[in-house]
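Encoded as structure tokens, the structure appears first; notes follow it.
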Amino acid sequence: MAEAGTGFLEQLKSCIVWSWTYLWTVWFFIVLFLVYILRVPLKINDNLSTVSMFLNTLTPKFYVALTGTSSLISGLILIFEWWYFRKYGTSFIEQVSVSHLRPLLGGVDNNSSNNSNSSNGDSDSNRQSVSECKVWRNPLNLFRGAEYNRYTWVTGREPLTYYDMNLSAQDHQTFFTCDSDHLRPADAIMQKAWRERNPQARISAAHEALEINEIRSRVEVPLIASSTIWEIKLLPKCATAYILLAEEEATTIAEAEKLFKQALKAGDGCYRRSQQLQHHGSQYEAQHRRDTNVLVYIKRRLAMCARRLGRTREAVKMMRDLMKEFPLLSMFNIHENLLEALLELQAYADVQAVLAKYDDISLPKSATICYTAALLKARAVSDKFSPEAASRRGLSTAEMNAVEAIHRAVEFNPHVPKYLLEMKSLILPPEHILKRGDSEAIAYAFFHLAHWKRVEGALNLLHCTWEGTFRMIPYPLEKGHLFYPYPICTETADRELLPSFHEVSVYPKKELPFFILFTAGLCSFTAMLALLTHQFPELMGVFAKAMIDIFCSAELRDWNCESIFMRVEDELEIPPAPQSQHFQN
């Protein structure tokens, strides 16, 4: 009973809203009716005659001055609107109407309960705007030597931008170096190698670091006669040098895996020694932190090599062990690698368990988290989903949950559906991504498109429902539905991260505002009138009088274009065309 009453109230509310939407048409007809009734007391005909007499006394110079002034004003408005649109990405007139006029006209709900929540949300969104525009390391990034360079050799295009590679160099310096590197010659060489821009110079420096370590081991081993094995452990090979060679010199994934295994032996020894000495001072603590980053990076890349080579179960085991051993290192986002590998195994129950841990309101979201959750819910209903049947009987609870999950994912990153539905071509993902941006969409779709295709009907459900998200967020830059407003900075950052041959997806689409088009048309029209009036003042004056007479006459319904030109000919007294004369011999 209560549900029926609630439904009736909702229908009544929708009817009232609909009636207010079209109330202006009723008001318009009422005004026309009042004007018709009061035409005699208001002396409308006399007033129109007076206006007509006044306009007839105007000279062509007045029209020239009027059109010239309006052209100047329209041109100034056009220039200002164009400058404001280029600088801020929106029309000034539209911005003023949305910010100031729409609240006065009742376009914003001013309930006190909503105001308190929205004010808190706005303050939080201001704090979040900086973090949302932060560039993140792509957890599924490819190998430069084995994948990016091979793409360059085949196509002749550079898949990585200088800005992206510069960010990677900064990450390497942060993860793989510390203040005490100058005490060890090999680490000092690698510290310079990470800053080197030339790839060949970096590779040469890595080989040099390995050779220096080898020479030092050969020289210092004979000095200790007691234990040769202990001395070799004291001087292990440089793990970061192997990392660089595996990333940039190896031309296949198998070669990269061999180098990473050598790096694991060296890195594991350094990690165990620094773990014992980490409490002896800040210098040893920094070394242990660096060795931890190196070890986690190596194990993660080894798991990715196993995934690339088809050993998916082995990769899943390595990722799980790594997450258990280092649970606090969330900066590598290893759970996203784990989700992708579990989807490849079609272990959807395990995927749901991982999502239950990481799809939390207190944790940062990503396209992988949101769209994987949407895929799991779509999987339950997509094989039987039909738009025609849903329109007849309505959506079931499971279908509604799937649609809401898709809307949630699309609101977080609206660029992904175009790549999943193959409406836009994919490129190699960059090494860094911007959350909610086009770069993140490419990185997600590059690895997860196959998983969506594997679930029957999932792409069909996505195709039928994803555009409905935009009806819930008509102003995504100002207010979101489930997330913070969409950040404005994504387009600029994505253009820096993605190569020039890729057309960056922009959301919301920046179409030229109507006011700019209207102003441009008005400016052009008035300028043309001014030019014609200046060149043909008498003809334009007669034409204007004829137009005024037609609009003010009682026979308005019978006018046509021929009557206009007949009046112009009568006023100018244009003589008829001479008849041709035939000469007879």
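Placed from the backbone N, Cα and C atoms, the Cβ positions cover glycine too.
Among ASN47, ASN166, the residue that Swiss-Prot annotates as N-linked glycosylation site is ASN47. Taking the recorded positions ASN47, SER386 in turn and counting surrounding C-beta atoms within 10 angstroms, the largest count is reached at SER386. Cα spacing between ASN47 (N-linked glycosylation site) and SER386 (phosphoserine): 64 Å, rounded to the nearest whole number.
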